[in-house]
């Protein structure tokens, strides 16, 4: 009861409030001539500060031409003005006030705009056949009314005024003609837009035709030309396999859109395409033939007739080449691209070995004995990838194969031998029994206490513990005598080395921290480079020791020097593991240092003067190597080390070669190369010179200026050659001065003889270094020890048919035409390029340290871990 009473009192109070507020003035109807001013007014009383809103045709009006005037504290007046009335201002207007959630509205008023007629329908262009009749429409309205319309056709008045809306009937014309209409009322005359009557015709030739090739599909696009004033309905596409070859059936597509996708085309094939379009009159001429080439694909079949020939010196493998041939009237594709190489993989003892690539359909492998009981398979490779593997072939000695074929004839001999053995056994038993009787008879007369006339010592011990392994010497390796003589005076016994944690792993092995004791019990901290454990020939060891032999002759502050060579003897293994002993570099490799300056836990700034000093150190070291006829072939920031004085030393000579004659070295064996640092001619012909080291020096300068970024970001290794041959090069880093970029850019000339020498680079960098102000004396941030107390370190990885354009930066006097041509693949050379190839002698994760602490033979365990094989993605 009390609740109902409260609601009743509230409603009474609300009604009293509603009755207490009201509009005292309302807007009134007005008819205004177009262009004049109009003003509407409202007055409201009952509220102290009411919010009065103007409405037009149900929408709020937001305008600066509104005014509010206070007549008294509870009486307000507002005005809405339009300075220049146009037709769009005509409509219904009123005022609104919100009070206690209710909307109070004034009575509406209409504004009518009077003027010359305004168009509701203007004449539009017309397309018609010649002589075909058609209608033209024109509609206009006031106020004021009435409105009459006059037609003009071809510049002449057609008939008299007719009421709006007006429809003009035209019997037909034979050529294009202009027209317009003129509506009039009491205020004046309006003139419509000028329309055109077009005569329909056949469409013209198409505009631009384009295509996009993706895998085995092509998306064809074209733009229509003049349509003949008639909408295009269909287009006809003709496709043929190259000019003059068989034409495929026509394809008719509805348009728009003006595109079509051809699917399932032949890979690595030439095609030609042309298009025409149709309207209701006829067809356009065909567009010119557009040629395109589908990309390569991985082969669809494996090589057949895979056989081997085993001799005492070598193993020869051969197989049939893949072809494209007609089979039952249908083209059967096997190769599906340009053959790049044949990939040979082999397995021995259940372990996969490094695959090999060969240009021809035959492989000659030396050292036939090491391939006994090995299984081989071969696959063909194009630029798109490798096809399926062939059936495996098991390599067995000829005697074993003959034994297998003759095994059935051995049963007779086996049975005969068994019979003979039984008879001999029975005879021996009889003889032994007789001999035993004679022995027993003789022992009865033996003197007691007599000495035994014969005694012996066991020639073999059955102790289960392995005996201590002897120290290995160079004589046990089977290397050539010159290399052995060169390393004899730097051979260090393994017992003088105490191996510690792993510093990093690379393609050819690992690097460990170690402590080297001398004969007088003093010692020093060193770094030991250890070859992988899967070596199985003296040639593998010889390759590693050649690097040490190179470094033995190096005596330069910017080239790492050799301390010695040691050999790790393995139980039950014929060959030891070579270990190269090098100075321990406190600050690690240059790439990791630069990377930590940007991305470390505590980033630090490296001045431009110090960056140039890094470049100078590397250039001086490389100048020293070039004077000694050494080609490094793997110059990069990751292979440059920082000693305790922050001087850079060129290191890692695993790919180095000494030039004995001429000025170039041709790569002729399987090796894994850092593609993004390799010069253009080296990628094409496997030729390496000092000028190719200059190219790599330019890339290293780019690494230094970008603080350790990876070169060619976004470009895959398999795309590098095509990227460079088009004239593209590394872009100028954001903070790199133009003069420094000009120096590094000069290192990337496509013509090797146009690149600067290392001595010239030193002169240029010294001039730049001299221009800079001396760096501050105190730069503690530069002396950052990347090693932490617990052995952990930060990770170092961040991981056309047109002719190439030879740009101005690489123009050089005397360039021969043949110097601009390179072969994509060198004939007769095994190809093995690819991968990101980042083997860094740098920080390791704590898990490796933990493993080396708890392993009884840390070397044998850790160096078994290998990085994934990196072969060119062909």
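Cβ atoms here come from the backbone N, Cα and C positions, even for glycine.
Close to residue 42 (disulfide bond) in the fold, though at least 6 residues off in sequence, lie 23, 25, 26, 27, 52, 54, 77, 78, 79, 95, 106, each with a CB less than 8 Å from its CB. Residues annotated as disulfide bond in Swiss-Prot, with sequence analysis given as evidence: 42-95 (among others).
Under the DSSP three-state reduction, residue 138 (disulfide bond) is assigned to strand. Around residue 138 (disulfide bond), taking its Cβ as the centre, 25 other Cβ atoms fall within 10 Å, counting all chains. The disulfide bond annotation in Swiss-Prot covers 138-181 (among others) and is backed by sequence analysis.
Per Swiss-Prot, the feature domain 'Ig-like C2-type 1' maps to 21-106.
Marked as domain 'Ig-like C2-type 2' by Swiss-Prot: 117-198.
Among the features that Swiss-Prot reports, domain 'Fibronectin type-III 1' is placed at 202-297, with the record citing sequence analysis.
Taken from Swiss-Prot, the feature domain 'Fibronectin type-III 2' applies to 299-403.
The domain 'Protein kinase' feature in Swiss-Prot is assigned to 497-768.
If you take the C-beta of residue 135 (N-linked glycosylation site) and look for same-chain residues 6 or more apart in sequence within under 8 angstroms, you find 167, 168, 169, 170. The N-linked glycosylation site annotation in Swiss-Prot covers 135 (among others).
Summarising the annotation, Swiss-Prot assigns N-linked glycosylation site to 174 (among others) and lists sequence analysis as the type of evidence. In this structure, residue 174 (N-linked glycosylation site) belongs to neither helix nor strand by DSSP; it is coil. Within 10 Å of the C-beta of residue 174 (N-linked glycosylation site) there are 9 other C-beta atoms, taking all protein chains into account.
Reduced to three states, the DSSP call for residue 217 (N-linked glycosylation site) is strand. Feature annotation from Swiss-Prot assigns N-linked glycosylation site to 217 (among others).
Residues annotated as N-linked glycosylation site in Swiss-Prot: 270 (among others). Taken residue by residue with DSSP, residue 270 (N-linked glycosylation site) is part of a strand.
Under the DSSP three-state reduction, residue 305 (N-linked glycosylation site) is assigned to coil, being neither helix nor strand. Within the same chain, residues at least six positions away from residue 305 (N-linked glycosylation site) with a Cβ under 8 Å of its Cβ are 318, 319, 320. Taken from Swiss-Prot, the feature N-linked glycosylation site covers 305 (among others).
In this structure, residue 373 (N-linked glycosylation site) belongs to neither helix nor strand by DSSP; it is coil. Swiss-Prot lists 373 (among others) with the feature N-linked glycosylation site, giving sequence analysis as the kind of evidence.
For 433-874, the entry in Swiss-Prot reads topological domain 'Cytoplasmic', with the evidence type sequence analysis. The average pLDDT for the topological domain 'Cytoplasmic' (433-874) in the predicted structure is 70.
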Below 8 Å between Cβ atoms, which of the listed ranges 21-106, 117-198, 497-768 makes the most pairs with the domain 'Fibronectin type-III 2' (299-403)?
497-768
Top Cα neighbour of residue 138 (disulfide bond) in the set of glycosylation sites 174, 217, 270, 373
174
Residue, out of the disulfide-bonded residues 95, 181, whose Cβ gathers the largest set of other Cβ atoms within 10 Å:
181
Note down the number of other Cβ atoms within 10 Å of the Cβ of residue 217 (N-linked glycosylation site), including every protein chain shown.
13
Have a look at the recorded positions 174, 181, 270, 373 and say which one has the shortest Cα distance to residue 217 (N-linked glycosylation site).
270
Within 10 Å of the Cβ of residue 270 (N-linked glycosylation site), how many other Cβ atoms can you find? Include all protein chains, please.
14
Alpha-carbon spacing, residue 174 (N-linked glycosylation site) to residue 270 (N-linked glycosylation site), which is rounded to whole Å:
47
Across all the protein chains here, work out how many other Cβ atoms are within 10 Å of the Cβ of residue 373 (N-linked glycosylation site).
12
